[in-house]
Amino acid sequence: MSMSVKATRRSQCLLLTTGLKLMRRQKSTEPLTIVKPSFVPDCEPVDQGDVDLLQSFIDNNRALFVMTGAGISTESGIPDYRSEGVGLYARSTNRPVQYQDFVKSEKIRQRYWARNFVGWPRFSSFPPNISHKILSDWEKKGLVHWLVTQNVDALHFKAGSHNVTELHGSSHRVMCLSCNFKMPRTQLQNLLTELNPSWHAESVDIAPDGDVQLTQEQIEGFKVPACPKCGGNLKPEIVFFGDNVPKDRVNFVFSRLDECEAVLVFSGYRFVSKAFEQKKPIALVNIGNTRADNLANLKISAKCSEVLMKIHI
Ligand SMILES: [Zn+2]
């Protein structure tokens, strides 16, 4: 790489903690208005000097290993978990299900699938945004060798990327916990609809995995189908909190990392740390601070799309 190691640069980022206002009422007599929520943390416009450094990074490195996380999907309307003010944890007391709880408890599986059933039509229809499309285009032009995402929303595939590993699985697939049966999530939606013809609930908020908020009363009576092959319990093919990414998937990603010249990362620590050990050049784009900041040759704190749209290849 011809670019020398640059000091980490950070734009001053304003993280607002005003939270999310779904409803706005200006005068008590006016009807309630739905305000489209933004899940992108506020920050200042990207610094042109940072863009120039990233352009140089891209110009001098081919075969990129790209790693994305929740930050890339917030512009599609999907919140992340942890961003201050706008992430799920800041706005809701809902927390993602733990793997062991899901496996052990029928009640928790019922709650999970009822909420997922309500969230699915909306969650599955989120479109990819300009960042997903640019990375897909970069793959077609030979710049991206492999893309790894922590997201379970399938938006990189929807944008046309092929060389993708979904590190934490996908909400678009369902598996049996007892046998090797798998089915598309859309098929399960049909089964759930057939099993629950008179059950109905709605929710406005949505989590990064398609989860929504329902009361216990709303969940009562919701029926969950068993595996059509063995009668076992069905689970989305997502690596839940408290579970581990399968070892062969991690090794596969390490092999793709070995093949790459440089790393462009939007999220994730484990593979950045490995790339750092291998002395690969690392560029990091993320609003706010991350654990990996001091491993990156270049850190840009700005919106993914704003940065990517300014890069020419
Ligand atoms: Zn089964």
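Cβ from N, Cα, C; glycine included.
Unlike curated records, TrEMBL annotations are generated automatically.
Keep in mind the model is a prediction, meaning the values are calculated, not measured.
Database features, via TrEMBL:
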DOMAIN    44-313  domain 'Deacetylase sirtuin-type'
BINDING   69-89, 150-153, 286-288, Cys304  NAD(+) binding site
ACT_SITE  His168  active site, proton acceptor
BINDING   Cys176, Cys179, Cys227, Cys230  Zn(2+) binding site
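Checked against Cys304 (NAD(+) binding site), the recorded positions His168, Cys176, Cys179 differ in C-alpha distance, with His168 being the nearest.
Taking the Cβ of Gly69 (NAD(+) binding site) as reference, residues of its chain lying under 8 Å away and at least six apart in sequence are, in sequence order, Asp80, Thr149, Gln150, Asn151, Phe266, Ser267, Gly268. Filtering His168, Cys176, Cys179 by Cβ distance to ligand 1 (under 6 A) retains the following recorded positions: Cys176, Cys179. Checked against His168 (active site, proton acceptor), the binding-site residues Asp153, Cys179, Cys230 differ in C-alpha distance, with Asp153 being the nearest.
Mean pLDDT for the domain 'Deacetylase sirtuin-type' (44-313) in this predicted model: 93. The Cβ of Cys179 (Zn(2+) binding site) lies under 8 Å from the Cβ of Cys227, Lys229, Cys230, Gly232, each of which sits 6+ residues away along the same chain. Between Asp153 (NAD(+) binding site) and Cys176 (Zn(2+) binding site), the C-alpha separation comes to 20 Å.
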